[in-house]
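Participant: Take a look at this one; I'll ask things after.
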């Protein structure tokens, strides 16, 4: 109620001596002040929620680093760790200069944004600094996915070039399509625009925008570069080139799991929003909790399914397979985490495990080498997640998360018809086409310029020694008792920064 109306109404009830209008004005001023304080508090709560979610998503970079380090051989550990650090650094610069503008620079056209270059004109309503930081954390996650696909044989300069291109241009265009208010495929497109199949694509947190983009980019990088030396024998049979540390893989997986609670629930970007009468539990805060639950269930079921599926296939209980299956479930549920019921998340996780297992079998048959299974995990499971959402999205949740369009389609299996599925198939094809048309030629050009793959000699020796100044693990095996005439043979394993650097297993047969 405006202050003048409030004053006039109160004045009528204030009788007797004194200035009734002045008293009413004073009371209404106090109401307005309190109301503005509540608004300020709401903005502060939402900004704090978004920043906290950003910190969780950024912590996923540490998870990626640990996962990648454990999944490669010891001789390439420093290389893969450095690429993860540079993904964040290069991504910050290029997303600041170009990426955020291409993604969310509205008003613009339906294909690409054209405002906010270098964060010009920020902050403004709906676009404050916490939102930029949150979206940057997403962009570097996509680049980190691709780095795993081309690990152990790629020149460092190629990492820098593709990372800058992906975070500064390729990924932002896709995020504009699906997440910007004027993107052509977005479910949250403004009410003054038409939406695809009267629905748009529901990719809430990025099964397509982040995971498919990173996975398809990795697919082209690995295809053009070719498999690592020794990955397939002369008869074409698959040879396992196992990573050097299951411990780091498990640590990285748990860090990624932790960060996913910022990735999926955080994608609401605000939490102080009611879906019903004031004072009820029906609000965005409840949807945030439900999203965390669906995320947890999908990943957990995928991990369990992979455990038993691989046990039947290989006869082993393999922790690496379980970790990859878990992450595949998370990648799949990311699209529909906010609009499906917990029971549907169980189905999502179960199927995603078989998508990953089947993808790995196909990759081995086609002699495709992805050291971290990133293409199969993020690309394949991300694609399944988009399809899953079109099948199981619940009408109530869709209208809460994407309000303002009565009669919006929802999941096919939930009675919502096939329009959402049609929109999602178009979205999948668009992502595959765009990433293929941009990243494929880039990797091909790098190969032609001699900037993509290292030499065979460097690959066999390991990039840590040939390109990064030494091994990641530096220690020496000493026998202090040998020079003391005592009980010799007592050996101590000491970590040290000595001039004489010996890699672990130096006396063992050379690992390729």
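Positions of Cβ are set from backbone N, Cα and C atoms, glycine also.
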Participant: Under TrEMBL, which of the candidate ranges 49-72, 265-288, 289-312 is annotated transmembrane segment?
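Facilitator: TrEMBL lists transmembrane segment for residues 49-72.
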Participant: From the ranges 395-420, 421-446, 447-472, grab the one TrEMBL calls transmembrane segment.
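Facilitator: My reading of TrEMBL: the transmembrane segment range is 421-446.
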Participant: Can you dig out which of the ranges 200-224, 475-499 TrEMBL describes as transmembrane segment?
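Facilitator: So the range that TrEMBL calls transmembrane segment is 200-224.
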Participant: Of the ranges 113-131, 132-150, which one does TrEMBL flag as transmembrane segment?
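Facilitator: In TrEMBL, the transmembrane segment feature sits at 132-150.
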Participant: Would the transmembrane segment (421-446) count as touching the transmembrane segment (93-112), if touching means at least three Cβ pairs under 8 Å and pairs must be 6 or more apart in sequence?
Facilitator: no
Participant: Are there at least 3 C-beta pairs under 8 angstroms linking the transmembrane segment (343-363) and the transmembrane segment (49-72), leaving out pairs fewer than 6 apart in sequence?
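Facilitator: These two stretches do not touch.
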Participant: Go through 93-112, 200-224, 245-263, 343-363, 375-393 and flag the stretch with the largest number of C-beta pairs under 8 Å relative to the transmembrane segment (132-150).
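Facilitator: The listed stretch sharing the most Cβ pairs with the transmembrane segment (132-150) is 200-224.
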Participant: So are the transmembrane segment (200-224) and the transmembrane segment (375-393) touching or not, going by 3+ C-beta pairs under 8 A with a sequence gap of 6 or more?
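Facilitator: The answer is yes, given that the two segments have at least 3 Cβ pairs within the 8 Å cut-off.
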